[in-house]
Structure formats: C-alpha cells, structure tokens
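Under the heading active site, nucleophile, Swiss-Prot lists Asp51. Per Swiss-Prot, substrate binding site is recorded for Tyr109.
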Amino acid sequence: MKIALGIEYNGTHYFGWQRQRDVKSVQEELEKALSVVANHPVEVMCAGRTDAGVHGTGQVVHFETNVDRKMVAWTMGANANMPKDIAVRWATEVNEDFHARFSATARRYRYIIFNHALRPGILNSGVSHYHGHLDEKKMHEAGQYLLGENDFTSFRATHCQSRSPWRNMIHLNVTRHGHYIVIDIKANAFVHHMVRNITGSLIAVGKGDQKPEWIQWLLEAKDRKVAGATAKAEGLYLVDVDYPEHFGLPREPIGPLFLPDNLN
C-alpha cells in the first residue's frame with residue numbers, strides 16, 4: 001500500500017530536507033523513524049526539497065509498505081521516534097497513482113520578516129529580521145509584477161539545475177501583522193532560491209532603495225546579478241502543497257502556527 005504523510009519541521013539544525021552523506025537531514029530522520037514503525041527500511045518521496053535552515057509546515061511525502069498499520073500508528077509511532085523539531089501532522093492511505101512530487105499542482109511558501117529595531121530572542125531561528133522600516137504596501141505592489149507565467153532567471157540561483165526558468169506565479173501577497181511582515185507566494189513550482197531571491201528584491205523596495213516598477217525591470221532583465229541579495233533561510237516556510245481533490249488529502253492550518261491561518 002501507499003501512505004501519504006503531512007510533515008512539519010524546524011529546519012534550523014538540518015542541512016536541508018534531502019538525505020546526504022555525513023550530514024543531518026530531515027529526510028533521514030523521518031525515514032529512520034518510519035522504518036522502526038514498519039519494521040522494514042522505508043524510503044520517502046517529498047513534494048519539495050527545502051534547503052538548509054528552511055522550515056516546513058506543509059511538506060507532503062509518500063512511501064510504500066506491505067505492513068498493515070492504522071494511520072494513527074504511523075503518526076504516533078513516527079513522532080515517538082523522531083527529534084522534537086520534526087513532526088508528522090497526518091497520515092492517510094492514497095491510490096497507487098499518487099506521487100508527492102509529480103501529482104502536486106502548486107506549492108506555497110511564506111517568508112516571515114520580524115520588522116523591529118531589535119532582533120527577536122525566542123523566534124530568532126523562525127523568522128528573518130530587518131531593523132529598519134519596511135513599507136509592506138510598496139512590497140506588495142512590486143510583487144504583482146511577478147504574477148502569471150514568466151521567465152524567473154533574475155530570481156534563480158546560478159547553480160540551479162532546473163531545465164527551464166519559466167514558472168507560473170499564482171499569487172504573491174505581502175501583509176503586515178504587528179511587527180511581522182509575511183510574504184505569501186504560490187506558484188506551480190519554484191526554481192532554486194526563487195522565494196528568497198524575490199524576497200531580497202522586495203526588501204530593497206520596502207526600504208525605499210528601489211521603486212515597485214524595478215521588479216518588472218528585473219524580470220525582463222533575466223540577469224541574477226542585477227536583482228537583490230538572497231534573503232536568509234530562517235524566515236522561509238514551505239506551508240502548503242496543492243493536489244487534485246480526488247486524492248482526498250487532509251487540509252490542515254497552513255502555519256506557521258504562531259500566525260493566523262488567514263492573513264487577509
């Protein structure tokens with residue numbers, strides 16, 4: 001049978017999602033825990049591989065097993081055998097044609113900036129920090145130039161291995177909630193560092209260094225060197241993955257849980 005899981009994790013102490021030799025990864029910890037529950041080696045496939053320091057509240061994985069377990073056994077059993085900064089949120093049996101990566105129709109990220117003169121102590125690894133004033137309305141205005149199907153070369157890491165820089169941006173919203181600024185981005189898929197590179201450029205607009213129209217110019221320039229700096233990893237969360245309804249996956253609060261689900 002094939003099982004899908006929803007995963008939440010704090011990426012601070014991991015070298016990204018993907019299992020790698022000699023370094024700590026989220027995938028490795030999850031697979032070790034699931035292998036204990038299944039009593040056989042388990043390998044998972046994920047919806048999107050996150051980089052070192054990046055968090056997830058809506059990661060989705062699947063794995064195959066011939067072991068008959070109640071769904072609660074997968075959630076409770078895995079959580080009992082994992083570090084406390086990784087948690088399984090739900091488990092459900094899925095059709096054999098389901099694939100966590102290839103069945104996904106869209107991914108959604110939130111980038112969170114603590115916009116205050118002083119850095120935070122408690123959430124220091126869960127948010128990015130910018131000390132000067134940021135104009136979230138101008139940042140939102142700038143982000144609208146990225147909507148639709150575009151060539152995102154200017155916002156793509158130089159070592160990105162994706163065959164094409166073209167992606168379809170479904171929404172990009174920038175909102176303020178007290179001292180928190182949230183950049184909420186949804187697209188069919190993302191090139192490497194796309195959200196963090198867009199965020200770095202939006203911060204330049206929010207600071208007043210650039211006008212909102214600059215983002216349109218960056219898009220047309222197709223040159224990574226002229227765009228803003230890559231924003232830090234700690235503010236970024238993979239919060240949701242869309243799938244066709246017939247797969248019947250659970251819908252959970254998007255998160256991260258210190259923010260309201262609906263930010264409008």
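Every residue gets a Cβ built from N, Cα and C, even glycine.
All protein chains included, the residue listed as 'active site, nucleophile' registers 17 other Cβ atoms within 10 Å of its own Cβ.
Other C-beta atoms found within 10 angstroms of the C-beta of Tyr109 (substrate binding site) number 25, with every protein chain shown included.
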